[in-house]
Structures are given as structure tokens and as C-alpha cells.
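For reference, the structure discussed in these notes is given below.
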Amino acid sequence: MSDNERTIVVRVLKFDPQSAVSKPHFKEYQLKETPSMTLFIALNLIREHQDPDLSFDFVCRAGICGSCAMMVNGRPRLACKTLTSSFESGVITLMPMPSFTLIKDLSVNTGDWFLDMTKRVESWAHSKEEVDITRPEKRVEPDEAQEVFELDRCIECGCCIASCGTKLMRPNFIGAAGMNRAMRFMIDSHDERNDDDFYELVGDDDGVFGCMSLIACHDTCPKELPLQSSIATLRNRMLKVGKSR
């Protein structure tokens, strides 16, 4: 055993809403920390050796799918990208992300929320003419393509939603993910909608005007999307539409 090896404590909020006898409670697990150990590795060791009933989500293990997002010491993070060594005390408290339907323990249903958001902001390219999918898409300038790609890097992990104070007060608020998605299509020349069209979708208190600019979303996004500037640009464009009415 290495002299530098330490024992860490992982506290998990456990609860199964589908069980008539389950009650929310914290359960502690102790395990030996290994070099470069992530929370994903720790949780898998816990489930394999201590608690096979522990529920959490994962797919890619590389910070690409967003499935393993959870509250880590009160802050939303990706378990697969969070090193246990970054917590000096060695005590790590894990809870499911708020604002999403709880499935069990650390597992929440982000899929239904993002599907509903996708429909609300109509996040697909709108064309006034029927699109011939057998022909190449209309070309765009490299700068535009880069701007669209930058906003399109969202992995739908839900960290921005879980950290949003407005979302906790307004259940129907589309959050940074929704506003970023709207902005992504506003700057895409393949989408033929104008600002008035987007105003009908996000120009209210459940949309961009409900944002209190706390910018927790910007601070917690694991992909470091430019959410602050994206939301500010969207708000300015929607304000111009609102003033013209």
C-alpha cells in the first residue's frame, strides 16, 4: 500500500420513489483512493463491492454523453470528469440533480426534460420550402459554421438546469440549455425563421426574460459553452422585437 493512499468517504443520498417503504437517507461508503480515481470509478467500485442496489447513470465515461451528471458537494458535475483527489477533506457528498424527475438514488430523468425543451423552442432548422435531402446542404461561411458548432457542443447533461435559481422557482423555465438551443438556430442560416418567430417561443418569463443573470449555468457547464454571451445576445435581440410591438 502506498504511503500516499488514503481512505475516502462517499456519502450518497439514497431514495427510491417507486418504493412504498423507501425513505430519503444518506448512506456512507468508505474505499481506498487510487491514483487518478474519478467519481465514476469510485461509484462503480461501491456498486460492485459494497452496494449492488446503488443507482446512477453512465454511458461514455469520457465527458461526452452527459449521463453521469450529479450534485457533488452541492455543485453539479460530471462524475466521470471529477477526480476524488480534488476534495482535500476526503468526504464527498453526492445527491441527484434537482429540477429533474428522480428515478432512483443519483439517477434522474433528463431525457424527458430535454425532449420537452426541444419541442418548446422548435430546435430544428425551419425552411419555407421542402428540403431535398438527396442534395447537399446550402454552404455556409466557416465563421458561421464555427459559431454554430460552438453552441451546438451542448451534451444535455443538465448541469446548467440543476444550478439555475430561476428554474427552481419557475418550473416551466427553459433554462440556459433552452436559450442556448434557440440561439444556436438563430445564427444558423439554414434556419429561415426571423427574430419575431423566436420571440413567440422564448420572449416571455419562462424564456429569456425570466433569466436573472446569476450565471451559475456559465460557471458549471462542463463543456465551457459561452452561455453568458449567448443568453445576453438572445435577450438583446428579443428586447428589440418586444419594443417594436
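Each Cβ is built from the backbone N, Cα and C atoms, and glycine gets one as well.
Among the features that Swiss-Prot reports, domain '2Fe-2S ferredoxin-type' is placed at 17-98.
Taken from Swiss-Prot, the feature [2Fe-2S] cluster binding site covers Cys60, Cys65, Cys68, Cys80, and the record attributes it to similarity to another entry. Here Cys65 ([2Fe-2S] cluster binding site) comes close to Phe58, Val59, Ile155: these same-chain residues lie at least six apart in sequence, with C-beta atoms under 8 angstroms from its C-beta.
According to Swiss-Prot, the domain '4Fe-4S ferredoxin-type' annotation covers 145-174, on the basis of sequence analysis. Within the chain carrying the domain '4Fe-4S ferredoxin-type' (145-174), a Cβ under 8 angstroms from the stretch's Cβ atoms is held by residues 63-67, 69, 71, 75-78, 97-100, 108, 110, 113-114, 117, 120-121, 180-184, 187-188, 202, 205-207, 210-212, 214, 216-217, 219-223, 225-227, 230, all 6 or more beyond its ends.
Taken from Swiss-Prot, the feature [4Fe-4S] cluster binding site covers Cys154, Cys157, Cys160, Cys221. For Cys221 ([4Fe-4S] cluster binding site), the number of other Cβ atoms no farther than 10 Å from its own Cβ, over all displayed protein chains, is 23.
Taken from Swiss-Prot, the feature [3Fe-4S] cluster binding site covers Cys164, Cys211, Cys217. In the three-state DSSP reading, Cys211 ([3Fe-4S] cluster binding site) counts as coil.
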**Complete:** Cys164 ([3Fe-4S] cluster binding site), DSSP three-state class -> coil
**Environment of Cys154, Cys157, Cys160, Cys221, the listed [4Fe-4S] cluster site - residues of the same chain whose CB lies within 8 A of the CB centroid** = Gly66, Ile155, Glu156, Gly158, Cys159, Ala176, Ala177, Asn180, Cys217, Thr220, Pro222, Lys223, Leu225, Leu227
